[in-house]
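Structure, as C-alpha cells:
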Amino acid sequence: MTATAPSETRVAPRDRLVINLLLVSAFVVILNETIMGVAIPHLVVDLGITEVAAQWLSTAFMLTMAVVIPITGFLLQRFNTRPIFIAAMSLFSLGTLIAAMAPGFEVLLAGRVVQASGTAIMMPLLMTTVMTLVPPAVRGRTMGNISIVISVAPAIGPTISGIILSTLSWRWMFILVLPIALGALLLGALRVVNVTEPRRVPIDVGSVILSAFGFGGLVYGLSTLGGAGATFLSSWLPLIVGIAALGAFVLRQLALQRRDRALLDLRTFRSRTFTVSILLMAVSMMALFGTIIVLPFLLQGVFGLDPLATGLLLLPGGLVMGVLAPFVGRLYDRVGPRPLVIPGAITVSLVLWGLTMVDQNTSVWFVLGAHIALSAGLAFMFTPLFTAGLGSLTPRLYSHGSAIIGTVQQLAGAAGTALFVALMASVTAQRLTAGATQVAATASGIQAAFLCGAIISVLGVVAALFVRRPAETVDAGERMPEDAPAAAPMH
C-alpha cells in the first residue's frame, strides 16, 4: 500500500509511526560508523594485527558508504519503500552478526563492509520518506530528529564504545546492537508503508563505475592522508584517480539528466538554497569530524586522561546536540533558517578560534565548555540546512538530494579528519625535531589543526548569510522546474 498525502499541519499517526521507526533504525546504523576508533588497541591485541590493519575496519566502512550512497538516488526511485528498508536493515543485521562471530580480522572486515552497505541506504531513505510524508509547515521539528541521527550518533559512538570496552570485549559492540537491529527489521517489515510511486528508471552501469572510483578514491585518499606511512601511492594517487573519475561522473550525469536517467541528478544544484546548504553542511561536517578525531589526542596525549574519561568528557556535547535538535526544528517552523544558521555558524567559528589557543596549561573544563558550545552551534545549523536544502527541491528530486547530502557528509567527514590529522602530525613532528617535549609538540600540532578548522569556518559564516527559507525560493521562481520528461510509473 502507499501512504496518502499529508495534511497541511499534521502527520497521520500511521505515518508518524513509520518515521519514528526509520529514525530509530537510522540512529542504530549510523552509530556504528565511529565506534571502531576506540577499539583499535583491543583489536590489535586480540586479533594479532597491526594498527594500520585495524584502521581498515573504519576505512572500509567509510569507503563502502561513499560507494553505495550515490546509488541510493536510483534505488529510491526504482523500488518501493518497504523492500528498500528490509534490504537495508537485513544487510546491517547480517553484517553485525558476522562481525560479532568473526574468528579473525578478514571476517570482521567483511562484516563491517556488509554493515556499511545497509547503513548507506538508511539515511537517504529516512530523509526522502520525511520529505514525502511531512507537510512543509511542520517539517522542521521532524528534521530536527533527523539531525540527532546524523550528528549525535557519530559524535557519541566513541563514548559508547569506550564504556563497553571498559568492562566487556569488543564483540559486545556488535552483540548489543544486533537485537535492536533485528527488532527494527521485524517491526519495519510489518509496519513500514510505501510512500512513493516507483518509476522505471534504468541504471547506468558506467555511472556506477565512475561513482565508485570517484567517491571511493576521494574518501580512501583523504582517509590515508597524513597517516603513518602515507605515500604518493597510498594517498595522492587515489585522490588523483578519484578527482578524475568524479569529473567524468559529473559530465556523464549532466548528459543523462537531459533524458531523466542520471544516477545522481545534479539539477538539484540549480536551487541556490540547496547549493548554499550543501556548502554549509560540508563546513559543519568537517568541523564535527575533525574535532571528534583531534579532541581525544588533546585529552589523552596532552592532559593524560584515559579512554573512558575521554569518552565521558565528550558525552555532554553529544547530549546537548541531541536535546537542542528538536527545539531548533520547532524554531525553524516559526522563523525559518537564517535566524538559526547565522548564530550557529558564528558560534562554531568562535569556538574553533578559541581552541587554537589550547595547550598543556589549559583547563580541561575549558575544553568541555568549548565542546558543548561547538555542539550547540552545530545543532543550530544542521536542522535548518537539511530542511531548507531539501525543501527547495521538487518532490521527484528528494531522493537525489538526500543521496547528495549523504555523499557530502562522507566526503566532508573524511576531508575534515584528513586535514586536522595531517596538520597535527606535521606540526608535531616539526616541534619534536626542534627539541620540544612530546606533550608540548602534540599541543602545537592540535593548535594547528584547529587553526585550519577556524579558517574554514569563516567561509561558513559568510555562506550562512545567503541561506533562505524554501518558500522564498519558490516565490522567486527558483524551485526546480519540471522540465524533464517523467519516467514511466511502475504498475
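Glycine is treated like the rest: Cβ placed from N, Cα and C.
In TrEMBL this protein carries:
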- 18-472: domain 'Major facilitator superfamily (MFS) profile' (DOMAIN)
- 56-76: transmembrane segment (TRANSMEM)
- 114-134: transmembrane segment (TRANSMEM)
- 146-166: transmembrane segment (TRANSMEM)
- 172-193: transmembrane segment (TRANSMEM)
- 205-223: transmembrane segment (TRANSMEM)
- 235-255: transmembrane segment (TRANSMEM)
- 276-299: transmembrane segment (TRANSMEM)
- 311-328: transmembrane segment (TRANSMEM)
- 340-358: transmembrane segment (TRANSMEM)
- 364-391: transmembrane segment (TRANSMEM)
- 403-425: transmembrane segment (TRANSMEM)
- 445-467: transmembrane segment (TRANSMEM)
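Same-chain residues lying 6 or more positions outside the transmembrane segment (276-299) and placing a CB less than 8 Å from one of its CB atoms are 34, 37, 151, 154-155, 158, 269, 305, 307, 309-310, 313-314, 341, 345, 348, 352, 355, 358, 364, 367, 371, 374, 378, 381-382, 385-386, 388-389, 392, 404-405, 408-409, 411-417, 419-421, 424, 442-443, 445-446, 449-450, 452-453, 456-457, 459-460, 463-464, 466-467.
In the predicted model, the domain 'Major facilitator superfamily (MFS) profile' (18-472) has a mean pLDDT of 87.
Most Cβ pairs under 8 Å with the transmembrane segment (364-391) belong to 146-166, among the candidate stretches 114-134, 146-166, 172-193, 403-425. In this chain, the transmembrane segment (172-193) lies out of contact with the transmembrane segment (114-134); the count of Cβ pairs under 8 Å, excluding pairs fewer than 6 apart in sequence, is fewer than 3.
Counted over residue pairs 6 or more apart, the CB atoms of the transmembrane segment (172-193) and the transmembrane segment (205-223) come under 8 Å in fewer than three pairs, which marks the two as apart.
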